[in-house]
Each structure stands twice: as C-alpha cells, then as structure tokens.
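The structure appears below as structure tokens.
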C-alpha cells in the first residue's frame, strides 16, 4: 500500500476544498441571477423556445450595463470629477489650429424654450436643451484633464472606450456562442439519444417544490413535442417524390424573388425619407407646427419602423408556403428579418454619411464636410440613433397597450363574432421579438460613439421591454402549437447578434477613419479624422517602442502572422475532423456491442426455454 506524504495529503485536501468552494459559489450565483424565477416560470408555461428569448434579453441587459460602465469610467468620470471640483484637476482646452473660423461655427438650436411642446420635441429628438449635454458627442470639446501627477488624454480615451466596448461585445458573444454551439452539436448528433436523455435522465431529482415540479414537467413535455414535430417534418421530407421536390424548390425560388423585391422597396423608401428629412429639417423646422415638426424629425424613424413592422408579417406569410421544419422556419425568418432590420440602419447611416461628405460650396470644401447643414455632424448622427432608440421603445409600448390587450379583450368577450374568432388569440412571435432587441442593440453599438450615454438608455429600455413582454406573454398570448427547441435557438440568437455587431463596426470604422472630424465640437477638432489620435500618441513613445509598434503594424509582420494563423486554424480543423471520426467509430462500436448483448440475451432466453421444456 502506498502512503501519501503530508505534502501530497495537503495538496489533495486543498484541491478538494477548492473544488467544493467553486461548486458552492456557482450554486450561490445561480440564486443571484437576474429574473431567475420569472424565466423559469416562463419556461414551464410556454416552453424553452420562448424562455430562450427572455434569457437572451437578460444577457443584453447585462452587456449594455457593462458597456455603460466602461464609457462612464473612461470618459464621463474624469470630466465629472473636474467639472464639480471633486478632485484637484482642471480641463485642458483644445488649442486653436490653422482652421478657418467659419468651420468652427456651431449654433446650438433653441437655447430658450417657450412652449411646452418644445420640451417634448427636444426630449424625443435630442435637440434643444439635450443637445449640449453629456448625452452627445459635441459636449466633450476638451483636449484632456490635468490631474496633479499626470495628464488624462480625453481624445485617446474616447477612441479607446469605443474599441473596448466593441471588443468586449465580440469576445462575450463569441464565448457564449461557442458554449451554445457545443450543446447544439451534441444534441444534434443523435435524435434517439436526445429522446432517451429527456425520458430517462431529464428529471432534476433535487426538485422538492410542487410548483417547480409542475414547471419541470411542462418544460420536458414542450421539449418532447418539439422533437416529435421536427421528426414528423423530417419524415415528410424523406417521403417526397421527385415531382414534389421540384415543385417545392420552384415555389421557394419564386417566393425568394418576392422577398428580394420587398427588401429593395424598403431600402429605397428609407433612402428617400432620409434625404427628404435632412433637406427640410434645417430649412423649414421653425415655420412648422408641432405635428409637422415631429413628422419631419422622425420621418426616417417612422419609415424604418413601418418597414420593420410590415416585412416580418409578409415574411411570416411567405414562410408557411415553403414547407420547412419549425426550427429552420425560425432561423430563416430571423435571417430575412435581420437582414431587413440591420440593413435599414446601414442604409440610414450611409445616407447620412453621403449627405455629410457631399460638397457643393466653398465652405464645404474648406472644412472637408457639409459644415452648413452639419456643423457638428457627430452629434446629429447621435441624435438620429437616439431617435431610433426612443421611437422603437414607444412603438413596443404602443403595440402592447393599444393592440395586444384590446385584441385579448375582444377575442375573450366577443368570441361569438366570427371576425374575432378568425382573428384569434395571438402567439408570441419569437423571430420578430428577437429581431426587435437585436435591432435595438445594433443601434446602441453604432450610437454609443456619437452618444456616450446611449448604452444606459438601452439598459433601461431592455428592462422595460422585459416586463412589458412578460406581462403581454402571460395575459395576452397563447402557447404556440408549433414547438421550438431552445438548444438551437440560443446559439442562433447569438449568431444573429454577432451579425449585428459586425454590421455596426462597418459604419463606425468608416466614420472614424474616412470622414473628417467636426471642427466645431468634440474632442477631435484638431484631427483630420478620429483615428489620427493613434499615430499622434504613438509618436510620443520612445524610439524603440515606436519601432516595435510600426513593425507589428507593417505588412512584413502581417503576412507571416496571417499565414501562421491559417496553419493553426487548419491544424485545429484537421484535429476536429480526426476527433469526429473517432467519435463515429466509438458509436459504431457501441452499437455493435449492444447488438452482441441483444444476441446473447436472446440465446440465453432460448437456452432457458429449452431447459424448462426438457424438465417439463
């Protein structure tokens, strides 16, 4: 017998204690999860598909909260500490450069408010008293903050905060996507194994509460119904004849042409609405009454919201004729809607960019952008993102209060009317709701550079949406007759969010690297573009560090680095393929062993029967 030394005993005891502590800590953190009981209740009553939507919404609340904390710590906190004399620090004003005085003119609209509706317009559009506040880019016209022992470079911090929240979002989404992909891969390998896991190993024996047991029963029942529904669709596809296959593919091709035509019409309408709004906003805004004023300000937002409202209905009608499984039906509808919703934002941003950079006079060529129409174009882009965010929240609240609840009342108490019988109770549309919050998150990613407090607004917005959608689900919706599996949904929701992040990075990169910075506002007035602060900062480094930075960013380093990354990627792909082949072989071996056991049991049963017959 081998005896352990005291050192080995202590290491083993420490390892076990540490593992026990980690398990206890994880158990405690599960009780601290936001909306834990609400989401578990939704899972039991409506299935894991709808539960995955609310879990996804909770993730976005936490993500936006972290983004706001990054921006607050990096940008707002030094400014607030100095402005309110909390620390012994002072602002460093931006030194004047060789810029024409006409380019520095920035008339802030309506400093004094006379009528109450002016407050309402300013609150909804971000103009007036909100324009020169911490909410927008133009308020941070500061070169830095001088503390007692160091100088805080605000332009560099502003740029780095943007890169930080985009990088954090990317890493966090990819991490959660990889976890969801592993679960999705395991569960999609063998459907029979999925049934066995749910029937024989799906119960949580730690449940002692009756209500929680009922919720777990409901959750398992919904999962099995989703599996059986998808199995029915797979069997139906396998039994198709060649004529039916040709017919369904021809129909899908025709329906996809209709989808492309709808998308093109929506993009053109958004483009024309943005051009009209921008041309008339500065010319006639003071001559209009309250309603016309709001209509001009919100015309792009209204057109985008109408497109986002109409197209999912059209896509939902089209998808029913394409004969897909429920899971694939959700994914395809989400892909179409995400392209529609996120592309509308890109159309709006690029239309604004074309108007900002289009020069038709001497002043525009002198400043590098359309200074007459956009004296502080970053703030005005931030105002457009702010309007989209506010208008989206207003629409969600209005639809819930003035459509969903009246529909429920009419269907419940006027059920004898055939019109209301045909209308029926609404189902909770997972694709449309997911796209709504991905759309709002993409607006937040784009707008956070131009409006630093937008993530805080997005956090409050998603919290409100959670409670509004929960109340609407519990009191106005019925469970869907077509069931959806959450294992696929969680991964796909994050994939759609990743697409939204990539689309948000494109206009941000172009605006920071290509469009000239405003000369009348913001921390980058002395730079031709926002990105120029990086080479200026690098030029202050020691010579050796400069050489290292320039070497890393040169083509001589980038090409070999890219080749090495490709080789590593091919190695892991080959390794994954080898592991997959081993898994297939092991499964075949398990199948053979199970057949051998079945054969042996059959022979043993026959031998026992023969022995019994002989004894008789």
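The backbone N, Cα and C atoms fix where each Cβ goes, and this holds for glycine too.
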Range annotated as transmembrane segment in TrEMBL, from 397-420, 421-444, 445-468: 445-468
Annotated stretch (transmembrane segment, per TrEMBL) among the listed ranges 228-248, 333-353, 354-374, 375-395: 333-353
TrEMBL annotation of transmembrane segment - which of the ranges 118-136, 137-155, 156-174, 175-193 it falls on: 156-174
Feature transmembrane segment in TrEMBL, mapped to one of the ranges 25-51, 295-321: 295-321
Cβ pairs under 8 Å between the transmembrane segment (489-510) and the transmembrane segment (557-578), at least three: no
Whether the transmembrane segment (156-174) meets the transmembrane segment (253-274): three or more C-beta pairs under 8 angstroms: no
Tertiary contacts of the transmembrane segment (253-274) (same chain, 6+ residues out, Cβ under 8 Å): 299-300, 302-304, 307, 311, 314-315, 318, 321-322, 336, 339-340, 343-344, 347-348, 351-352, 355
